[in-house]
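As recorded in Swiss-Prot:
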type    : residues : note
MOD_RES : Thr229   : phosphothreonine
REGION  : 15-34    : region 'Disordered'
REPEAT  : 125-157  : repeat 'WD 3'
REPEAT  : 168-206  : repeat 'WD 4'
REPEAT  : 215-255  : repeat 'WD 5'
Amino acid sequence: MSLFGTTSGFGTGGTSMFGSTTTDNHNPMKDIEVTSSPDDSIGCLSFSPPTLPGNFLIAGSWANDVRCWEVQDSGQTIPKAQQMHTGPVLDVCWSDDGSKVFTASCDKTAKMWDLNSNQAIQIAQHDAPVKTIHWIKAPNYSCVMTGSWDKTLKFWDTRSSNPMMVLQLPERCYCADVIYPMAVVATAERGLIVYQLENQPSEFRRIESPLKHQHRCVAIFKDKQNKPTGFALGSIEGRVAIHYINPPNPAKDNFTFKCHRSNGTNTSAPQDIYAVNGIAFHPVHGTLATVGSDGRFSFWDKDARTKLKTSEQLDQPVAACGFNHNGNIFAYASSYDWSKGHEFYNPQKKNYIFLRNAAEELKPRNKK
């Protein structure tokens with residue numbers, strides 16, 4: 001059966017090509033607008049794995065829905081299918097073969113969405129909202145890892161209603177990432193734990209947070225041999241930490257940098273400081289993107305410790321981001337991120353997902 005079977009798309013929005021969008025402050029970078037974007041804040045984005053031909057994009061939103069688009073080479077986006085939770089969708093991920101999508105929600109459940117049949121079934125249950133979800137593909141097991149505000153990390157065989165394993169967290173799970181054989185989980189009260197996933201998941205190390213404020217997002221990075229070797233951690237205080245697991249020189253190799261602040265990083269002038277909402281590493285170059293509540297995205301070279309690019313300011317926060325499997329497309333979501341609370345939420349404000357050609361802008365800075 002073909003991917004998505006015979007499911008119909010959603011919405012009736014038009015499509016646009018690379019470089020043909022209008023120039024206003026909702027899209028100052030003139031990037032491609034994804035058609036039929038969600039009707040409420042977009043919390044998460046994820047592109048399909050390289051095992052699938054073509055590119056498919058998943059987004060979860062505070063309208064309780066999960067949407068899937070096909071992204072064509074021209075930049076045109078085609079709505080393919082949609083599923084619902086009974087609460088906001090906080091995280092999404094793909095199975096390694098691209099046949100399933102996993103979704104985590106405030107309704108305290110996680111679901112598995114079979115894209116061939118367009119059927120979704122519950123695969124996980126927590127006692128509080130499920131904040132993170134990741135697929136783990138090990139040589140001897142496959143499972144889904146869910147992190148929750150109930151202070152647990154659970155591992156699920158999708159064929160069973162009971163977890164394979166439950167690990168207690170020191171606090172509520174705020175963000176997580178997985179690249180086998182490594183997982184990292186950041187919690188409330190600045191908790192930070194690295195797990196090793198070989199044979200079976202187990203705690204590897206607790207790390208004193210390099211950041212002084214609440215953790216917001218985390219992404220694992222790889223070395224030149226394509227092995228996970230460290231992570232980038234973002235906070236609500238406009239700062240990112242680059243942390244290696246086993247660096248030759250910790251004091252020199254680990255560092256933090258300021259980002260998503262007004263007036264650049266000139267500390268002599270008063271600054272508005274914004275949350276870092278998302279971090280994504282380029283799958284080819286190893287450079288990274290950050291997105292923030294200031295309504296900008298930035299590209300960075302962590303090895304050269306330099307900024308490659310900062311976008312113009314959008315008229316609302318950039319809430320999530322991600323690269324496709326070969327790094328040619330950068331997706332970012334423009335919508336309210338709740339960083340200023342409910343009183344600043346405007347339900348009339350449209351939400352957008354934009355696609356940008358990322359092939360050139362993420363190339364690392366030449367070494368002198």
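Keep in mind that glycine also has a Cβ here, set from the backbone N, Cα and C atoms.
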To what whole number does the mean pLDDT across the repeat 'WD 3' (125-157) round? 99
All chains considered, the count of other Cβ atoms within 10 Å of the Cβ of the residue listed as 'phosphothreonine' is 17
Determine, from DSSP, whether the residue listed as 'phosphothreonine' sits in helix, strand or coil. strand
